[in-house]
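Following: one structure in C-alpha cells, then a few remarks.
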Amino acid sequence: MAKKSMIIRALRKPKYKTRQNNRCKLCGRPRGYLRDFCMCRICFRKYASEGLIPGVSKSSW
C-alpha cells in the first residue's frame, strides 16, 4: 500500500478504538510519536526550537 494512503487511513477516525494508529499530524511519521503533542519527535523539536509550541522551552541546568 502506498505511504500516502496509509497516512490518510491512519488519520481517519477508526470504527473501533483499538484500531487507532498513532501518527504525526504534520508529517505522518509512525515512530517516535509524542502523545501529548500529537506529533513525532522530529517535528516536535523543530516547532519547539522555533517557539511555536506554547510552554515548551529548551532545558538547561
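Every residue number used here counts from 1 along the chain in the order it is shown.
Even glycines carry a Cβ here, placed using N, Cα and C.
Look at Cys40 (Zn(2+) binding site): DSSP puts it in a strand. Neighbours of Cys40 (Zn(2+) binding site), defined as other CB atoms within 10 A of its CB across all chains, total 22. Per Swiss-Prot, Zn(2+) binding site is recorded for Cys24, Cys27, Cys40, Cys43.
Other than the site residues Cys24, Cys27, Cys40, Cys43, same-chain residues with C-beta atoms no more than 8 angstroms from the centre of those residues' C-beta atoms, the Zn(2+) site, are Arg23, Lys25, Leu26, Gly28, Arg29, Gly32, Tyr33, Met39, Arg41, Ile42, Phe44.
Cβ neighbour counts within 10 Å, taken over all protein chains shown, single out Cys24 as the most crowded of the binding-site residues Cys24, Cys27, Cys43. DSSP assigns Cys24 (Zn(2+) binding site) to coil in the three-state reduction, placing it in neither a helix nor a strand.
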